[in-house]
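Participant: Before I ask anything, let me first share the structure, which is written out below as structure tokens.
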Amino acid sequence: MAFAAGGIDHHVAVDVEGEEESRRRAVAEEADLLWAAFERLPSAKRRSHAVVLPDPDGLGGGDGGGRGEGQLVDVRKLDRPGLQRVLRHALATSELDNANLLHGIKARFDAVGLEVPRVEVRFQNLTVSTDVHVGRRALPTLVNYVHDIAERILISSHLLRPDKHKLVILDDVSGVIKPGRMTLLLGPPASGKSTLLLALADKLDSQLKKSGEVAYNGMALDQFCVQRTSAYISQTDNHIGELTVRETLDFAAKCQGASENWQECLKELVNLEKERGIRPSPEIDAFMKTASFRREKHNLVSDYVLRVLGLDICADTPVGSDMERGVSGGQKKRVTTGEMIIGPRKTLLMDEISTGLDSSTTFQIVNCMRNFVHEMEATVLMSLLQPAPETFELFDDLILLSEGKIIYQGPIKHVVDYFKSLGFSLPPRKGIADFLQEVTSKKDQAQYWSDQSKQHIFVSASEMAAVFKESQYGTYLEANLSSSCGNKDSALVLPRSKFAVPKFSLVRACFARELILISRNRFLYTFRTCQVAFVGIITSTLFLRTRLHPVDEQNGNLYLACLFFGLVHMMFNGFTEMTMTISRLPVFYKQRDNFFHPAWAFSLPNWILRIPYSFIEAVVWSCVVYYTVGFAPTVDRFFRFMLLLFSIHQMALGLFRMMGAIARDMTIASTFGSAVLLAIFLLGGFVVPKGFIKPWWDWAYWISPLMYAQRAVSVNEFSASRWSKVSVSGNMTVGTNILISHSLPTDDHWFWIGVGVLLAYSIFFNIMFTLALAFLNPLRKPQSMVPSDAGDGRDVHINTDSNKNTIGEIFENNDGFEGQTECKSKKGMILPFQPLTMTFHNVNYYVNMPKEMQAKGVPEKRLQLLSEVSGIFRPRVLTALVGASGSGKTTLMDVLAGRKTGGYIEGDIRISGHKKEQRTFARIAGYVEQNDIHSPQVTVEESLWFSSTLRLPNDISRETRHAFVEEVMALVELDQIRYALVGKQGLTGLSTEQRKRLTIAVELVANPSIIFMDEPTSGLDARAAAIVMRTVRNTVDTGRTVVCTIHQPSIDIFEAFDELLLMKRGGRVIYGGSLGVNSVDMINYFQGIPRVVPITEGYNPATWMLEVTTQASEERLGIDFATVYKNSYQFRNVENLIVELSIPASGTEPLKFSSEFSQNRLTQFMVCLRKQSLVYWRSPEYNVVRLFFTSVAAIIFGSIFWNVGMKRESTEDILLLMGALYAACLFLGVNNASSVQPVVSVERTVYYRERAANMYSSFPYAAAQVYHGLVEIPYIAVQTLIFGLITYFMVNYERNIRKLVLYLIYMFLTFTYFTFYGMVAVGLTPTQHMASVVSSAFYSLWNLLSGFLIPQSRIPGWWIWFYYICPVAWTLRGVITSQLGDVDTRIVGPGFDGTVHEFLQQNLGFEQGMTGATVAVLVAFSVFFFSIYAISIKMINFQRS
């Protein structure tokens, strides 16, 4: 069983010995009686019944039959309280640890002689490498993107040799992971830790080259199912945000067979115990039996994992996502761990599971993993970021990696002595883990050199690895690898089947989860249904039956247009299915690759459970539209119409699902999906009737699902008896004439053919969706390798002879360990600034009481988060803001920094004695957020240039600004990676600690006097944290005021601070003031409080401080630390200092600036403009794909409408040409709007951070986003030229330069306003899903009222206003009149005989001489959409705090 971690809560045992002894005797007697009753049960019942003893405190929850007394219960019928009671008994220790439970389970196995299965993992001569670009060639610019495509083609054709450098990630490493021993994996950044874990889990990316052997119990990875044997716990937290923590773990337990594993164990165990007359522990027996039964709702295994991971307090909270509120980052990390360890796998490969956790929580989790390893003889290899000394000591063995080489592997207790033998000693008050991660660093190694009589010479990782191989530990390891391995044939340990439970059970689990997700997304589905109703009402009132009559072909064409629009709307209403599918893929891929379930078990519920939704959509549209428009009134035709809509909606959902699963990326799906939809739309039989389709497109016509739907719906309507009137233009009926004129069949059986084909397509698309899920892998973008070889003549230290490099060699300078500018005690850097003191006194902060708490009966209207908080932040003083989770650290920092946009603030906040003015304060303050949010497509240097240009005063020269940026880069050790692309967090670009240093540097280049830092070391390993803290310390030494919130830090990081503000839950201060040398002031203060446990020698003061001030400690001591502090001399000293510093110095005035921002709006605009141009230039997946799609779409259009531009013989020819232009405008415009949304969405998150930092006002930013306008304009211009020139000459419009130019102008303006509309949709909605849904409604209305489906002359007066505000209508008007408005060729058609321009004027309402007005209107639409986007950016914030 692999679910193991530590109970986080601490319970204090109450020692009442006499009462305790008598209670124990009573419980024992009761247990004997219950066990006797149990033994009288038939064998079948004994497997499902267990003895549940009374709660130790007599306050147990009900179990379906009583409270607190012992019972013989059927474990299958236990409710939630009953399960909790069983769990309490199993875990009942003073520490709520799992040691006793696991020891009891192991003892039960030992008692009957059953062995616990064991797995030994070996890897020998393992090398992992890849080929990468370096320097500027690695940047994803448009040129490089095209270059890469051409290069791949030439290489595959053997016409070019690869121009890449070999990067060795793991270099000939060997080792053994023993069962029953906890193994820690340590190493600095980029040392290959994650790659080693992935290699052992058989999860390496297919692009990586691997050599060497990995074996489990001597069996190669291809001889058994690795994923069911081992669990790789990733650094990335991919979860479905709508599910709660409990639901996430329940699903994982069902899929991994957590209960089934217990059943297998119990079968043999119970039989052997019965044979030998062994009576098991009632608590252990009850736990194991309860865990062995699968439950739909209440699962004991899930409750156990929740408890030991400390997630029980948030079990029913949604996990959440980037835009949806959920659990904290640390809790989400524990959910990731729980999801994998809940199953039966006994080999755990755990990759940095402690990110975001305080050291106390990490200790408890690792401690219980240790219990699991030692008792159940499991195999665990765990990498940790900053293991505290007490956590480090829990491990048995250590693997130390550096630059892809193993430099130590062996017992953890010998590692210090080993490095001492190499000449490196551990300093006092230094954690061993921190020492080990720094001793290989070129910059840090010298400080650990023990022999001061000799000069230190740097010992490289390669040299250390060679020395290790020759050491006693290396030879012992080699001997281990040479020996044979047992348990080779253990089928229980090394399963060969892929799935742990029957596939029917997996399908049930997936169905249950999908039902939950549908219920959680009910707003989205309700919104979409209401949208169908809304568009249906508009459609029915537009084609109102009082205005249409089934008497002639002209009216019939309007009926046909209405039917066609209904089909198109139902089809495109499923577009959001593609967005939702793509958003769910990361979680699916994780679970698929871990064999949670097969792909079809995921796709089947997606398909089946959308059937009722399709039915509802069809019913709503049919009921709203059918009789209001006045279609054929017989009931059978109404229900056939509804069936057809249901069929096309099901087909569309399958189509969009399939497109999402194949594309796997929103931009690619939108772009290439649009090309597919374009062909389906054009060849559906309405825009281009069958008789006009070119021979080379006949095949596409016959496979277009829309064609079958168009035929079926047309036959259903026009074969009705009311259309049997003989036409005035021939001997056939009006209905037959309409069908024949549009090349549609007249046989009624085509309805059933259409429905059958649509349903067949639905099945086909869902099968393809399933196959895509099963066989395609996620699109992975490689990390940019951009060392400092760009632009200044420096190289990458690459051996061009062998062309082979390790990570350390390629990134030799990436962490700034060479060539660093010395800046130990700079007094102010290049730019002067004013040192400032911040005082705050009796600060209170309230928010409105959450509705959930009001519903539980809480009477107060406000919830207080900060309570009378007072303190001082001074120049040259580094202050730590510390407290348990929920104590209000970040809240206080946000209040002081002016980042809170809601709530109620009370108290006195002063800057150097003057009242704080937020508009002024924002100019002199920096705020380093916990989340490192940056534009992915810019480099490090560009990020700093952008910040400095916008935030430094405009009177600073460019040269001075450049020198200042250079100095800051040196200060934070980023100068060696100045040309590295920032990239997307966790995917590409900078490492975590490099991003953190960049976040700090972005604030430093603003030359602030006061800097707030929220968790600057969170998510970093010890070495990276040391680099960041060195940066922070250097910043303080320049004379600035710096305050940091921080989790429980290591000793050396904690003691880098000068002062401390310690808070407890409820936002109350329990210590404020100096830390002292070796934290002596703080230690003396707390040890002066009676009965506080004194600190032991060498113990981390930060850990001790937080342990002795917990709520449990307060209860034990009977005191309130906040009250103790308020009555202390320490508090009085702080108060006196606040009073002293709250008085302004004589002759000083409050800070004043002439404007809110450092730069004027024109400068803000130009800087934002340049940044957006860089973002676009380096977004090839957006721009290259878009231009490629435009080329493909142009060729499709040109070939479908080949040479129809000069064909002007009938009204049908004119309408065909109009259809071509209508489809071109609509489809390419919609594609532009859809593909720009992901780009804008990413940059919006960056905007929120930059706007909060007062970099610029919202208008210049939004104006520069027009470069999502102005930057977009060159790309739209190229797009226009590609599409316009190809289609103009292929369609064969009139060879007239004026008409060509006008055609290009209209296309350019159309693409522009569609692009701006896509930005508006993002600006007005909180998520991309919602933007997609809202957009589809607008696209439908623009399609309906564009003047193509229903001419302007036939639009009712109550809707004509919408026609004039429909941008597509103006595009169509402009393009048609520019091409045909002056044509006098005579044409004939139903009800018309005259010239072309007369037809345009009389039937379509297009008048000549409107060219200038039409261009002006289209420009106005572009300006209007841009203005709405600018206003939305300024006024709406979907991340309000």
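Including glycine, each Cβ sits where the backbone N, Cα and C put it.
Model, not experiment: these values are computed from the prediction.
According to Swiss-Prot, the record shows the following:
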- 52-71: region 'Disordered' (REGION)
- 154-428: domain 'ABC transporter 1' (DOMAIN)
- G187, P188, P189, A190, S191, G192, K193, S194: ATP 1 binding site (BINDING)
- 505-718: domain 'ABC transmembrane type-2 1' (DOMAIN)
- 523-543: transmembrane segment (TRANSMEM)
- 558-578: transmembrane segment (TRANSMEM)
- 615-635: transmembrane segment (TRANSMEM)
- 642-662: transmembrane segment (TRANSMEM)
- 668-688: transmembrane segment (TRANSMEM)
- 751-771: transmembrane segment (TRANSMEM)
- 838-1090: domain 'ABC transporter 2' (DOMAIN)
- 1184-1204: transmembrane segment (TRANSMEM)
- 1214-1234: transmembrane segment (TRANSMEM)
- 1271-1291: transmembrane segment (TRANSMEM)
- 1300-1320: transmembrane segment (TRANSMEM)
- 1355-1375: transmembrane segment (TRANSMEM)
- 1413-1433: transmembrane segment (TRANSMEM)
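Are these features on the surface or tucked inside, and what are their neighbours?
Facilitator: All protein chains shown were included, and the count of other CB atoms within 10 Å of the CB of S194 (ATP 1 binding site) stands at 19.
Below 8 angstroms of C-beta separation, residues 558-559, 561-562, 565-566, 569-570, 573, 576, 613, 616-617, 620-621, 624-625, 628-629, 1329-1330, 1333, 1336-1337, 1340-1341, 1344-1345, 1350, 1355-1356, 1358-1359 of the same chain, each at least six residues beyond the ends of the transmembrane segment (523-543), sit close to that stretch.
Non-local neighbours of the transmembrane segment (558-578) in the same chain are 524, 528, 531-532, 535, 539, 543, 548, 550, 610, 617-618, 621, 625, 629, 631, 644-645, 648-649, 651-653, 655-657, 659-660, 669, 673, 677, 681, 684, 686, 706, 709-710, 713-714, 717-718, 738, 742, 1329, 1332-1333, 1336, 1339-1340, 1343-1344, 1349-1350, 1354; each lies 6+ residues outside the stretch with a CB under 8 Å from one of its CB atoms.
Taking Cβ pairs closer than 8 Å, the transmembrane segment (615-635) reaches residues 528-529, 532-533, 536-537, 539-541, 543-545, 548, 550, 559, 562-563, 566, 569-570, 573, 641-643, 645-646, 649, 716-717, 720, 722-723 in its own chain, all 6 or more past its ends.
Panel annotation: around the transmembrane segment (642-662), residues 566-567, 570-575, 577-582, 585, 603, 606-607, 610-611, 614-615, 617-619, 621-622, 626, 669, 672-673, 676, 705-706, 709, 712-713, 716, 751, 754-755, 758-759, 761-766, 768-769, 772-773, 776 of the same chain, lying at least six beyond its termini, place a Cβ under 8 Å from a Cβ of the stretch.
Sequence-distant contacts of the transmembrane segment (1271-1291), counting only residues of its own chain at least 6 positions beyond either end whose CB sits under 8 Å from a CB of the stretch, comprise 1169, 1172-1173, 1175-1176, 1183, 1186-1187, 1190-1191, 1193-1195, 1197-1199, 1201-1205, 1217, 1220, 1224, 1228, 1232, 1236, 1264, 1300, 1303-1304, 1307-1308, 1311-1312, 1315.
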Participant: Among the binding-site residues G187, P189, point out the residue whose Cβ has the most other Cβ atoms within 10 Å, with all shown protein chains included in the count.
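Facilitator: Buried the deepest by this measure is G187.
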Participant: Of the listed stretches (668-688, 1184-1204, 1214-1234, 1355-1375, 1413-1433), which one yields the highest count of Cβ-Cβ distances below 8 Å with the transmembrane segment (1300-1320)?
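Facilitator: Comparing 668-688, 1184-1204, 1214-1234, 1355-1375, 1413-1433 against the transmembrane segment (1300-1320), the winner is 1413-1433.
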Participant: Mean pLDDT for the domain 'ABC transporter 1' (154-428), rounded to an integer?
Facilitator: 87
Participant: State the non-local partners of the transmembrane segment (751-771) in its own chain: residues 6+ outside its ends, Cβ under 8 Å from one of its Cβ atoms.
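Facilitator: Result: 599-600, 603-604, 606-607, 640, 643-644, 647-648, 650-651, 653-655, 657-658, 661-662, 705, 708-709, 711-713, 715-716.
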Participant: What else in the chain is close to the transmembrane segment (1184-1204), if you only count residues 6 or more beyond its ends and a Cβ gap under 8 Å?
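Facilitator: Beyond its ends, the transmembrane segment (1184-1204) has Cβ neighbours at 142, 145-146, 667-668, 671-672, 674-675, 678-679, 682-683, 688, 692-694, 696-697, 1213, 1216-1217, 1220, 1223-1224, 1227-1228, 1231-1232, 1235, 1275, 1278-1279, 1282-1283, 1286-1287, 1289-1292.
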Participant: Between the binding-site residues G192, K193, where is the Cβ count within 10 Å the lowest?
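Facilitator: Counting other Cβ atoms within 10 Å of each of the binding-site residues G192, K193 gives the minimum at K193.
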Participant: By Cβ count within 10 Å, point out the most packed of the binding-site residues listed: A190, S191.
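Facilitator: The residue with the most neighbouring Cβ atoms within 10 Å is S191.
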